[in-house]
Structure formats: structure tokens, C-alpha cells
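What TrEMBL records for this protein:
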- A:28-47: transmembrane segment (TRANSMEM)
- A:201-233: transmembrane segment (TRANSMEM)
- A:208-414: domain 'ABC transmembrane type-1' (DOMAIN)
- A:253-274: transmembrane segment (TRANSMEM)
- A:281-299: transmembrane segment (TRANSMEM)
- A:325-348: transmembrane segment (TRANSMEM)
- A:398-418: transmembrane segment (TRANSMEM)
Amino acid sequence: MTDARQAPSSRALIERSLKRRNAAERRFRLYGVLAICVALGFLALLLGRIIQQGHSAFVAHEMSVSVPLDPSRIDRSYPAGANYDLMAAEQVGALLGISPTDEAALTEVREILSPDVGLQLGEQVRDDPALIGQTITIHAPLGDDADQYLKGEINRETLEAQRVLTDRQLDWIDRLEARGVISSALNTGLFTRGDSTQAELAGLLGAIVGSALMLLVTAAVALPIGLLAAVWLEEFAPKGRLTDFIEVNINNLAAVPSIVYGLLGLAVFINTLGLPRASPLVGGLVLALMALPTVIIATRSSLRAVPPSIREAALALGASKTQAVFGHVVPLAMPGVMTGAIIALAHALGETAPLLMIGMISFVPGVAEGFTSAASTLPTQIFIWENAAERAFHERTAAAIIVLLAFMILMNAAAIFLRRRFERRW
Amino acid sequence: MILSLGLLLILALAAAGFVLGRARLARVIGGGGPRPVSRPIHHGLRVALWSAVPAAAVALAAALVSGPVQVQAARASLPAEIAAQAPLEQSVYVSDVIAQAHGGFASARIRTPAEQSAMTEAAQTVRRIDQGFRWGGLALALIAGFLAGWRAIVSIRPELKARQHVEAWIWLALALCSTVAVLTTVGIIGSLLYESLRFFRSVSPVEFLTGLQWSPQIAIRADQAGQSGAFGAVPLFAGTLLITVIAMVVAAPIGLYAAIYLAEYASRLQRAWIKPMLEILAGVPTVVYGFFAALTVGPALRGFFNGIGAMLAGGPLDALGQHLMQVQNQMALVAGAVMGIMLIPFVSSLSDDILNATPQSLRDGSLALGATRSETVRKVLLPAALPGIAAALLLAVSRAIGETMIVTMAAGLQANLTANPLDTVTTVTVQIVTLLTGDQEFNSPKTLAAFGLGLTLFAVTLALNLIAQRIVKAYREQYD
């Protein structure tokens, strides 16, 4: 009887607590969804913001200007000494109705041109002195401030004293654009030029070549050593204290902060062995040491995935241990090894801190000539440009990030493709 | 040039050894006789290895010895007036002599004519030594390779187990490759210790670890003002700790909840999409996070706090408002929060693995007793997985401590001893970068301080990693 009396109340109790418990359950679940939304939201914000900041750098405004090379103003014995910038500015000024004697105005005109106009004129005259006396047409990027104005980054509403361009410079730019002297085109200079102190002339070619050379060194060092080390540890090494010690070492190296590798590179490769600072060779060696644990760990797991029956079959047919491993196990593990290696290299491509330690922070104009000359790389170029004061460099920094991410996505896609195409389930 | 020539000659020697080895075997067995134990290719490879490896070893030894001998020669030629100067000047002179000998960049020191002629003479000596080692080393290498190869050829018999010889070489090569990992550790510890000990000769370790004043910008020349910098690293440790704590406050709950959702609630399809997206977050280079922090998060948070400050100023919370209005882009909160975002996928993927490793029977038992899923997670799975999750968080802390680019780009340079997340702080890694980039002389305490900081950083992260690995290992064994 007591049961019958208590049953309704305990049932109500349970139902009430059940409601509370289900609410807690929904809340808990909601927290999980929220956490994932926050993480993915940050990813979207990060990528969206960088594309928003960087996409405009892939288009640039350029200007074509025809300059008569007045023989009276160019010394034939020293053509490099002529003031080509001024000659070009006078021609642009003529289009705008500025008198050639108005020096203050011409100086302002020069500010919206790129120094590249004068450089190109000087180069053409040096290569072919017969041009003196003729009129030649130059296509050159617009100065970075003028380019930023046309992209809407510099606002006319800002007080004149607080912007880099004066009111009349803005008027001139508008008029030149209306007359078709200034046109916008794909910014090929971003991929065909090296770094420069002038934002409109700064390109990524040097950084891309530097990164490529460095990754070559990394791949040439880390892949064979990593592969062979993993083969030894997995297939040959006598299991014992020594291999345990090596294993602990590898696991710890994978977690050492990257900047410590930079200190190692500085102390050992540069100061002790005397290898050249800021060179792709040293950078590649440092990154190879960093990538080594990853390569070894990936290789070992794909070696372990090859079933023992393969080894046993080879041994049963009279192959030696070495022949069984290198003739059968390693080739079968190769897709997994390559996948791991590409992912390790993609990671190395984005690594910055150790490269700063070995001197890749200085301005390197042009393109690295070889493995031992000073070079910049994509991540260090991003770091250097981010520190630049000009607004136009911010846009280029974001563009450089887009290029870097594109390369990394390409490499990861290659790794995924390899895995899908060649991976075998036993 | 000599490098590629030497490589080519050694390769040619090996190729010749290969051909001669095979030919020798063919001659030894002649027409008939016993069948050789090993195949001709192994005999060829054996001779090739015996000629190439000793040659390469001798050449490498010559290349390694050459540098120190050149430095010794340059040091021996030190003019008296430079020998009387500080050790730093002496080593600058020596490196200038070496630079002159090899056409490298010399320092901007002004030399008297007498010193210059002494330098030119020394440079010539150095160049002669260099040439001698290059050509002498190559010649010795070829002789060594030839002799060893010859011995290998002469010893060819039909019953010789050439394959086993070759495989022994391969085994040795593989074992050597595995020691590279150990050598790297030794290199890291060795170089950090060596340079740190030099640093601790001028600054006492006690002062370094307990000093409250950090201003390493000491003068390079002795006569400049502010010669003795202060190397008390406590403000750096405090700054690192503050940023790490902020990062973990962001990363731990978000990463943990994401992992719980993925492990316990998500459908197969959701997992297939969400996991790779989180991995993208983990694959983004840190320099990109730094850019994001410096140019997006920094200005945004600063605007936010300045706006709140402007509202509060003049009211009852005037002091707080004034403080908020002075917040700068480089506050600890910015670097910490962005670092936290970076660590989310790290925490979530490690915790996800750990949760998946808990036995299914725990889950089933709890659900069978009527617990809801969240109660199962909170009361059964999390306590069971606690050691593993603690290890994951420790690894994340170690990552945060060693992270460099985000703090270099988004945190400041001022060493403030503060716990206010809206203040500018600096970290160990930022100071390492600052001390070692830009113009520097390698032997000044300023640059050596970076190695002292590096050693501290390495020791702390190593300890955290070792503890975390220990915990994970014990945890795995518990359920295996």
C-alpha cells in the first residue's frame, strides 16, 4: 500500500527532474554547437578578412605616358644622368594644363607617378641611345598613393592635411582617369618583380623563388633521412633501450618550439659552420630538422600499415630482410610516406620564426641567384611588409598571404589526392 | 666548383669500382669453378661502397678541419696593437681576415695602413691554407678510396658473401639516419647551453631568473651611455604567462566542447565536414594569425574599449573610463585571444582522440542506467578521460609558450610587470626575436641573452611535453 501512495509523487518528482535533466542535456549540446560555430566563425572571419584586404592588390592601376626624349636635356656621354622623372612629369602636366615652369605643381605630379617611369626611360635610352630625339611611350604602374585613392582607400572627405595626397592631386588623378591615361589591369608585377621599397613596384617573385629553393633543400634533406630513419626504427632496429631513447627524442623534437630550431640554426649552421646568413640553404636545413620528426612519424605509421604477410611472403621466397623491406614493404608504403611528407613540407612552407633567427628579415631586392645567396621567403616577406608604414603594403601583405595559402592548399590537395588515389586498404 | 668536381670524381670512382668488381668476379670464376655465393651486382656494389665511402669520409674530414685551421692561422697573425684590444675586437679582426680571403663582407672597422698590409698578408696565408686543404683533401680522398676499393677487389672470391656486406652497409646507413634525431637534440641542448653559459658569465643566473628589470638595449660601443643593461627576465615570464592564460581561457572551453560534440553527438556526415574545417584552422601559418591580430583584432578591440571608455569617462567610473580610453592596439588580450583561436583545433583534435579512446562499455553502462548523454559525458567520460585531457591542455600550454609570430606581430616590446590583459606586455619569444634581428654583434651580452631565454623556453616546454607524454602513456595503458 505504501508503494501505491508514494508512486504518483515519486513519478512527479522524476518527471520534474527529467525536465530539468533534458534541459541540461539540450544546453550541453548547444554549448558544443556554439563552440564549433565560434571556431568555424573565426575561420570564416580570418579568411574573409584577408581576402577582403588582399583581393584589390591583384589589380593595379597603370599609366601610359608618351615622353619625347629631348636631345638637349640628355647628355649622350652620360645618359643615366638625365632627369627622366621630370620629363615624364612635364608630359603628364601638359595633359593637365600645367605649365612646365610651375615647379611646385610638377613636383606634386611626380608624386602620383611611380619612379618606375624614369627607370624604364633610363633603361631604354641606355640600351638604345638612338632613341634620343624620338618620342617613346612608357607603361608603368601608378604611384602607390594614387593607386590607393582610385581603389577607394584614400577618402576625399578626410582633411587634406591628414592624407598623403593633396586636393589638386586628387583632381588630377580623376581627370587622368577620365581621359583614359590611367587604366586598371591585372597586377602582373606582383608575380614578376622582386621586393622593392616602393609599394607599387614590390612583387613576390623573389619570395616565391626563395621559398621554392628552401623547400627543395628541406625535401632533399628531410625526406631521405626521415624515410631511412623510419625504416630502420620500424624494420631493423633491435628493440631496446637505444630505440626507446631515439623514439622519446623524436617525440620531443616534434614539440620543441620552432624558434628554438632557429637558435640552433644560428648557433650551429651560421656561427660554427660559417654557412651564409639568410640563404635558402640554411633555411632549408633548419626547416628539414623541424620537419624530420613529422616525416619519421608519418613514415612509421604507413610502414606499420603494410601487412606482415607481404614481408613473410618475400622472406619465404628467399629474399633477404633488406630485399623484402626495400623491394616490397617500402614501395607499398610509399603513398602514405609521400602524403605525410607533403603535409610536413606544406607546414614548413608557412614557418616563419626560425627564418627570422637566421637573418631572413632584411630587405632583399631582386631574386635569389642560388642556394647560398641571401633570399626572402613568402612568410618572411609577409612579416616584412606587415611592418611597412605605407598603406599600400597592407594590401600587398594580404595578397602575399593569399598566395601563401594558395600554395599550401595546393600542396595539401596534392596530399589528399595521393591518399585517395593510391591508398590501399588491406 | 671543387665541391661538384669532388662529388663527380668520387662518383666516378664508385662507378669504376662497380664495373671492376663485376669484372673481377667474372675472371675469378673463369670458365667453370664453383658458383659464386652472391650475385655479380652485389660484388659490384660492395666494391663501389668500399671505394666511395672512405673517399667521402676523408673529403668531409678535410672540409671540417679546414675552417678551424684557417681561424687559427688568422689568429696567429694578429698584429700586436689588436692583440692588446678586447677579445671582441680580436675576433672581429679574425673574421675580417677570413672575409678578405674568401671575398666576403668585412666589418666597417677603419684599419691603419700597417694593419691593412698585415691583414692582406694574413688573408693570403689563409687562402693558401684553404686551397691546400681543398686540393690536398681531394687528392687524399681519392687515394683513400682507390686503396680501399683495390683491397675490396683483390679480396673477391666465389665464396665471398658480398650481399651480406652490402646489407651491413645499408644497415649502418639506416642507423646513422636515425641518430640525426638524437644529434638534433644534442645540437639544440649543446648550442643553447654553450651560448647561455657565456651569457651567464656576464649576468648571474639568479639575477636573470629573479630580476624585475628588463632593458637589454645596451650600447655596442663601450663609450656609449647606458652600457650596462638590465637582464631581469621576470617581466618576460609574467608577460608570457599572462598571454598563455588568456589563450587557454579561449582555447580550452571552446576546444573541449567542440571535441565533446564531435565525439559524442555529431553524425558521421557532420564529422566528415567539421573535422577537416577545424584542421584548416590548424594549418594556417602563424604569421597569418599575426597579421590578423595586428591589423584586424587589435584595432577592433581597441575601438571597442576606447568607445566604452568614452562612455564611462566623466561618470561615476571616470578612472576606469580614462584607463580604457588609453588602451593600445598591442594589448595582451589581442595576442592571447588570437593565440587561443589558433589553439582551438589543437585542443579539440587531441581531446577528440582521447574521448574516442575511452571504452565504449563506460558509455553503454552509463546510458543503460538512464543517464542522459550529457550526464554520461560529464560524470563518466570526462573523469575517465581527465588525465588525457589534462595532457592535451599541457601540450597546448607548451605550444602557447613557444608561439612566436602572433606575439611578435601583435604584442608589444615593453616589459611590463602586470596582470591587466589590456596592458602591453612582452614575452620570451618576442624578446628573442628582437634581440637577434637587426644589427648585432654576436658576442655582446645582448645577443647572448637571447640564448639564455631560449634555454629557459626549451627547458620549460620540454618539461611540459615530457609530463604530458608520460600522462598519455599511462592513460593509454590503463585502457589497453
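Here the Cβ of each residue, glycine as well, is placed from N, Cα and C on the backbone.
Predicted, not measured: the structure shown is a model, and the values here were computed from it.
Sequence-remote contacts of a segment are chain residues at least 6 beyond its ends whose Cβ falls under 8 Å from one of its Cβ atoms, and for the transmembrane segment (A:281-299) they are 213-218, 220-223, 225-227, 229-231, 233-234, 250-251, 253-254, 258, 261-262, 264-265, 269-270, 275, 333, 336-337, 339-341, 343-345, 347-348, 351, 354-355, 358, 360, 371-372, 375, 377. Here the transmembrane segment (A:201-233) has long-range neighbours at 114-116, 141, 189-195, 243, 246-247, 280-281, 283-285, 287-289, 291-292, 294-297, 299-300, 303, 325, 330, 337, 341, 344-345, 348-349, 364-368, 370-371, 375-381, 385, 393, 396, 399-400, 403, 407, meaning same-chain residues at least 6 beyond its ends whose C-beta is under 8 angstroms from one of its own. Sequence-distant contacts of the transmembrane segment (A:28-47) (same chain, at least 6 residues past either end, Cβ-Cβ under 8 Å): 405. With a cut-off of 8 Å between Cβ atoms, the residues of this chain six or more beyond the transmembrane segment (A:325-348) that come close are 215, 218-219, 222-223, 226-227, 231, 235-236, 287-288, 290-291, 294-295, 297-299, 301-303, 305-306, 310-311, 313-314, 319, 407-408, 411-412, 414-416, 418-419, 421-424.
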